[in-house]
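Participant: I grabbed these lines from Swiss-Prot:
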type	residues	note
SIGNAL	1-59	signal peptide
CARBOHYD	N147	N-linked glycosylation site
CARBOHYD	N188	N-linked glycosylation site
CARBOHYD	N267	N-linked glycosylation site
CARBOHYD	N278	N-linked glycosylation site
CARBOHYD	N346	N-linked glycosylation site
CARBOHYD	N374	N-linked glycosylation site
CARBOHYD	N408	N-linked glycosylation site
CARBOHYD	N441	N-linked glycosylation site
Amino acid sequence: MYNSWFVLKQKSNILLTILTSSLLAKFSYPSTLFFFLEMALMKVMTILVLFVSVSSTLAQSNNGGHISIIVSETGLEFAKDYLIKKVITTTLPLQLPDIENKVKIPLIGKVRMGLSNIQIDAVHVQSSKMETRKDGIILSVLGATANLSMDWSYTYRASFFEISDHGDASVEVKGMNVRITATLVNDNGSLKIASRENDCTVKNIDIHINGGASWLYQGVVDAFQKMIISTVEKTVSTKIVEKMKKLDSFLQSLPKQRKIDDSAAVNLTFTGNPVLGNSSVEVDINGLFMPKGDDIKVAGSRSSSFFGGVNKRMVTISVEEGVFNSATLVYFNAKVMHLVMEETKNGSILSTSDWKLILPELYKHYPDNKMVLNMSVTSPPAVKITENGIDATIQLDIAFDVQDSGENLSVARLSTILSVACSTEIVKNNLIGSLRLNDFNATMKWSKIGEFQTNYVQAATSRILEALFLPYVNTRLKRGFPLPIPGDFTIKNIKIVYVNSGILVCTDIGTSTNQ
């Protein structure tokens, strides 16, 4: 029976899972990469915190971020449009405070008027833009219109009688401009909105009274036009402040580490301040694996490398090969890179009879005995990423155990150094991977049943790797790892690019409603 080699409990860090799966790492599906992507999409503005800077060459950084994220100009455009839509849908209908006033009506006198149940029912954005400057990110909404509904009432008191009436009215707000400025800074490994400003102005309004005489209409206009404009401006500004405070709290509450399993966690602290470029936003994340329980080390500066664009996708996430190597080191030190196999891929029990042609000495001493293969990684696998893909070198010991008279006996052990390549693709929002054996070199470490001929050692190792090891790993990888994308979002036009010392995941983002 296949024992659990990888304990995959959570759906995250797809790229790390694929690679460390190929390296016999036993860990769950954390997502250093896509975990951030998921959190960003949960709160729209954090899309700006989530995208990676890229380059044809990824420089190594010792204390900076090992995962870099950038939002391109098209990514900012998407973030802007989604942000505006999200704010409108989650804010409306927006209730405004009641308004009362006294107005002098010609030939009638002073009339007490009141507006109640005032609310903004709809907002229509005509034009918008997002800018990145040294002093922050600026979101502007220009020339928007809004529809208001409200109830009106008036009371007129003469010497011996009182006249009153009520009804409803609608208001069209024209020329509404909103401007929001926010500055993101690093606060001990978390992101914080250091400063925020907003402004809302309204050019004019049109009021439509349902019922009432012409004097009433003119009275309402005279009494309330400026007050309605002022109320709309103040209420919208107040609501923006509330949402910015919630966003700030959310950013500071993002976890600084993510538990993977009982052996490891991922350092999720931000390194340095976000960099606002020409129509782009860049952040760095530490991203390294560490033993579970270790204290978080917060780096004081971001990576020194800036990356030139390699494609026009909205989002590009780059991961240095150091992230992968940190994973293999942590799991190797945790002593979990071990696999016990008692069955073949099709479920048949392993037996010495399967090896009588390849390892005749084994079959000669233990004919038709059940057997077990114990595989252990003997040093941290070394990962190397080039423009041609991901390669890894693994030092693996393979022990042959046989069951004889109810006892498990270790009868021989092979040592092999193998080179594997990992290829990846994305199918229906799932990341699919596969391993391919490039080369290997095997030697006999020790044997209790006599020395194996060199050609037998090579043949046995080849069979184990090709018929047992690789099919096992690839079966895991071909199940596909769902990318943690919330239901409102889809990823498309995905491209995986390998560069020197790093891997890039380039993608566009859309919503399920605009497919």
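Note that Cβ sites are derived from N, Cα and C of the backbone, with glycine treated the same way.
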Participant: In the structure shown, which of the glycosylation sites N346, N441 has the fewest Cβ neighbours within 10 Å?
Facilitator: N346
Participant: Just name the most isolated of the glycosylation sites N278, N408, going by other Cβ atoms within 10 Å of its Cβ.
Facilitator: N278
Participant: Can you tell which of N147, N188, N267, N374 has the least company, meaning the fewest other C-beta atoms within 10 angstroms of its C-beta, among these glycosylation sites?
Facilitator: N188
Participant: For N147 (N-linked glycosylation site), identify the closest of the glycosylation sites N188, N278, N346, judging by Cα separation.
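Facilitator: Closest candidate to N147 (N-linked glycosylation site), judged by Cα separation, is N278.
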Participant: Nearest to N441 (N-linked glycosylation site) by Cα distance: which of the glycosylation sites N267, N278, N374, N408 is it?
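Facilitator: It is N374, whose Cα lies nearest.
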Participant: Restricting the comparison to the glycosylation sites N267, N278, N374, which residue's C-alpha is spatially nearest the C-alpha of N346 (N-linked glycosylation site)?
Facilitator: N374
Participant: Would you mind reading off the Cα separation of N278 (N-linked glycosylation site) from N408 (N-linked glycosylation site), to the nearest angstrom?
Facilitator: 66
Participant: So of all those glycosylation sites, N188, N267, N408, which one's Cα sits nearest to N374 (N-linked glycosylation site)?
Facilitator: N408
